[in-house]
Each structure stands twice: as structure tokens, then as C-alpha cells.
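Feature annotation from TrEMBL assigns transmembrane segment to 20-36, 43-67, 87-105, 126-144, 234-261, 273-298, 340-358, 370-392, 466-495, 507-527, 547-569. The annotation region 'Disordered' is assigned in TrEMBL to 175-198.
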Amino acid sequence: SEGMKISVVSKKLWCVHKQLLLFLTPLVFLPLLFTLPEKEGKCLYVVILMATFWCTEALPLAVTAMLPVCLFPTLGILPAKTVCPQYFIETNFLFLSGLVMASSIEEWGLHRRIALKVLSIVGVKPAWLILGMMMTSSFLSMWLSNTATTAMMLPIANAILESLFGDLETLKQKCKSPEDRDSQTSLKLHSLPSEPSEKHVLSMDGMEAVEPADMRTAEEIQSESEYQLKVWKGFLICIPYAASIGGTATLTGTAPNLILIGQLKSYFPDCDLINFGSWFAFAFPLMLLFLFLGWIWISFLYGGLNTRLCFTKHDHRAQAEARAKALIKEDYRKLGPMNFAEGAISFFFILFAVLLFTRDPKFVTGWSVFFKKGYVSDAVTGVIIVSILFFFPSQKPSLSWWFDPKAVNTQYVPLLSWKKAQDSVPWNIILLLGGGFAMAKACEESGLASWIGGHLQPLAEVPPAVAVMLITAFLACFTEFASNTATIIIFLPVIAELAIRVSVNPLYFMIPATVGCSYAFMLPVSTPPNSIAFASGHLMVKDMVKTGFVMNILGILSVSLAMNTWGVAMFNLSSYPQWAHTANTTAASPRVHFPSMRSTNATL
């Protein structure tokens, strides 16, 4: 029959859809080469190809990122000697040092210690626990990659949940209405949501090994189980969200922030407003604000906000909470006391952060004044600290060893081996960043960015503050379907050009765009952290969409607030800066200098 044939064909097509995309996309967009001005058309062609391949992952992300090396020289847009150096500019070294630092933290298990410590402090009532989880995840993902943070926090979350609510399958069983269940099972219901298993019996030291019979009615049990299942979901969903939010707070926290720095350096060479310290001063308060709003929303949605936050009740929940508390304490005890290697890593980690913050924070004099002006950048700082990790000993060095002939002559082990660094650093991201810088370079040199900017003139009618919200909202939506890095690579050149057209400080548009593109909350495929949480199998797509939609709105509002309050003050956003003038003397349109943004709109 017809239907059969269609389904067979569609299955076959789906099997080769990536190959078809690779073959058809270049053909479909060929007309661009002939209908647009020559250089701009060729550059747009390559950008659209790369955007399509990135969004559909028809090629691995890193391979798409190498297309500029094939296409820009052959199409005559940029010579190879201009394209290739873009792949490892200094921004990439800063990122690399962040990744290596993270791999040493993971190697010695320091991140697990931090996580368990925070959780033992915040306590185990659902809303507080969700807060603890979100704080820890966001703090860790400022330094580790968002994906690594999520992968580490989920098992911890699951262990805590099992000690709170017992085994998940039993819980799902209990959520069904009493009639659906066998009469037999309802006889054996204990206050523990599952039978006291071996480990429970052991951990109770025989005190409560025999559970008192459960005195609650079936309806009570069902509603309690539904509540517990909700808390379980809230718990899992808050981790990838917090990791995505935390990544925005530091420059090395996530790739888009570095793309911003790299593109600023190539577009506006005179602009030195943004570095590790000044970005942190701007983005960290924003992260805290958004994290707090997100916590309230998730707790509200998943049943964590209630009177139990402040008062203690002695009931079934209290027993479960005591068990969970014991589990966290036990896990922390298993880590043992802090050893020399962990102490050393903590020291270098703190040194890494402090040196990066204090190099050149814009509000006080940094330590970079001791060196030749403009020579030492964040990348240098990062690489210095990371290099030390490869030779600093992981065992406490002792003098007695030299004089003791009986001492064991073990091999000297540094904090980090190159093999470990090589295995755990995601090298594909470094290529991805490089591809982004190469693409931005071409957009600028070929005049594509200013050509697109010219076509966005209608946006000049909108007040800048509204434009910021529109830009953030658009990117937050776009990034749900494409990788965050690809999104920002594609749109930053256009946004920079737009700002110049409207005579608004380019940072006023570029910073919110960068932050907004990390706010991918709605779909499991939006970011790797979302995928990992979704793969645990307890979340539904509709949970993510419902929670994520409001998260996006909260995020857009937070960014707008930050940009228009402390952002304006920090980066002097209210005037059109000198560095944007000098960068754009080549552009065709004559430009008048307006003292403030407001007057710009009046004249337009």
C-alpha cells in the first residue's frame, strides 16, 4: 500500500539524512554566490553552510569548524595565512588553561569534596537541598565544563534521593491509584518507600531494623508519593540549569564568553574593557540573581516551597530526611581527611582565580603594572599556573627520605600527568572556538557583517533597552536548537555591526547576546547538560519545556536588569565609545557622535 511505501522511504531517508544534508545544502544555497555582491555572497555562503552543519550536526562540530580552512582560501575570501592563525589565538590559551585546571580538579576528586561539603551545610529539606544542589553546580561549572559538572552532580543527587524516598520504581508504583495495585502489595507498605534493603538495615545498626507498620491510608500514601516524585524531578532538572547559569559567571566557564572576547579583540582592537576580572564583576551578581529566581521557580513548581523550610515536624518525612543527612555525612567521611594533593590543587585553583581577577580589574590597579604595558594577558596568567601543575609533587616531599636508606624509592608523581590532561580536555571545543574566530574574521574582512548590518536598519527605530531584550530573547530561543557556541559565533558579528549602525555602545548589545545564548533550558537537546539529565530517564520533555520556558523569561529579565543598572556603570555603556569609532572608519555611512543613546533615538 501507499502508506507502507512512504514509511519505508522515510525510514531510508532518515538513515542517510546527514549525508543528504551534506550534499544538498551546498546546492540549495548556490544562488547566493550569483545574486549577492561577490565577496559578501561568498562569505555568506560559507557562513550558512557552517550554520546548517552545526545546527543539524551533519558533520562533527569540530570538523565543521575546520571548513574555513578549506573554503575561505579556495573561494578567494581570505588567504590561508590569515585564516589559520585564528585557530589558536590567545583566548584559546586562556580556555585551554581553564580546561587543564579542571582536569586536575577532577583527577584528585576535589569537586566531589566541595559538593558534599555544601550539601552537608544546607541540610536536606527539599527546597534547601535544591538550593544546595544549584549553588554547588553553578559554582563548579564556573570552573569545570558545564557537562562535567552535571555528570558529577547527578549521581550524588540520585544517591541522596534514594536515601530520602527509597527506590524510584517503588515510588512510581505507589503513585498509581490504590485500585490499580494488587491488594497484596498494599498490605506490605512500610514508611520506607521501599523494603528496608540490606544497606538500610546495616546503616540503622539494628535500632530501627523492624519498621513500624504504616498507619496511613492509601490516599495519603499516594499523594505523598506524588509529592516525592515531583521533588525527584525538580532535583534532577535543577542541576543542568544551574550548570548552564554558572558557566556564564567566568570567562572560561563556557565557550561563548571566550568567543565574545576573541571577536572583540579582532573587531575593536582598542577595546580593553573586558577581561577575566571585569567580566566576573559584571556576570557574577547576574548569576546570583538568576540563580535565586530560578531556585524559587523550581521549588515552587516541584513542591519544595512550604512551611517545612523553617519548622521541624516529626513525621515520615523527618525520618527520611535524617537518613539522607546520614548518607551525605557518610559519603563525606569516606573521602577521608584532605590529603596533600587536594590541598595543593585547592591552593593553585585559588591562586589561578585570584591572579586572573587581580591582573587588571578596571576599578583598581592590577598587578599587570609590574610588567611591560600590554604584554601580559589573562592567557599568560592561566598558562603559568597550569604549567606548575605538571611538576608540582602530589606527595608531601620529606627531608628524611634522603637520609633513610630503607625508605621506598617510589616514582615521583606530579599533580597532573600529560596523559590525564590529554584524555580529559575536550580538544574539539578548542577547534570549535578557532573556527568561530576564523568565521568572524572573514565576516569582517569581506564586508559581510556591515552588509547585514545595513539590512537591519529597521531595528534602529527600537529603543536600545528594548533591543537588548529582543536580542537576548531571540538568541535564547535560537540556542535551544543549535549549540551555544555555534549560535554566538553566527550572530555576534551581526550584532556588533548593528550596534555601530545605531550608534550604541557595541558591548551594550554583545554582552547580553553572549549571556543569553547560554540560557538553553527548554529541550533535552539544547545543551549536553540537559541531555545528560534527560538520559537518566525520569524527566519528560514537557517537564523541561514547562520549567525552561519560565526560566528563559526570568533569564531575559535578569540580563536586561543587569545591563541597564550595574552594566552601564561598569562598562560606561551610555556613551558611544572612541574604540568603536576608530574600528569603523572604513564603513561607508557617515557617523555623527552622539553624547548619549537617548538622543540617538530622537534624531533617528
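For all residues, glycine too, the Cβ spot is worked out from N, Cα and C.
Keep in mind that this is a model prediction, so the values were computed, not measured.
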## Note on the structure
Lying 6 or more residues past either end of the transmembrane segment (126-144) yet within Cβ distance under 8 Å of it, the residues of that chain are 98, 101-102, 105-106, 111, 114-115, 118-119, 150, 152-153, 157, 160, 231, 234-235, 238-239, 241-247, 249-250, 252-254, 287, 291, 294-295, 298-299, 302-306, 308-309, 324, 349, 353
### Query
Under an 8 Å Cβ to Cβ limit, what residues of the same chain, 6 or more beyond the ends of the transmembrane segment (20-36), are close to it?
13, 42, 44-45, 48-49, 52-53, 56, 58-59
### Query
Top stretch among 43-67, 87-105, 273-298, 370-392, 507-527 for CB pairs under 8 A with the transmembrane segment (234-261)?
273-298
### Selection from 87-105, 340-358, 466-495, 507-527, the stretch that has most Cβ pairs under 8 A to the transmembrane segment (370-392)
87-105
### Query
Any chance the transmembrane segment (466-495) and the transmembrane segment (340-358) are in contact, meaning at least three CB pairs closer than 8 A with a sequence separation of 6+?
no
### Message
Can you see whether the transmembrane segment (273-298) and the transmembrane segment (507-527) are touching - at least 3 CB pairs under 8 angstroms, only pairs 6 or more apart in sequence?
### Response
yes
### Message
I need to check the long-range neighbours of the transmembrane segment (340-358): which residues 6 or more away from its ends have a CB within less than 8 Å of a CB in the stretch?
### Response
97, 101, 104-105, 108-110, 113, 143, 276-277, 280, 366-367, 378, 381-382, 385-386, 388-389, 392, 394-396, 415
#### Entry: Residue numbers, six or more beyond the limits of the transmembrane segment (43-67), whose CB comes under 8 Å of its CB atoms
18, 21-22, 25-26, 29-30, 32-33, 36, 75, 77, 427-428, 431-432, 434-436, 439, 442-443, 446, 448, 481-483, 485-486, 490
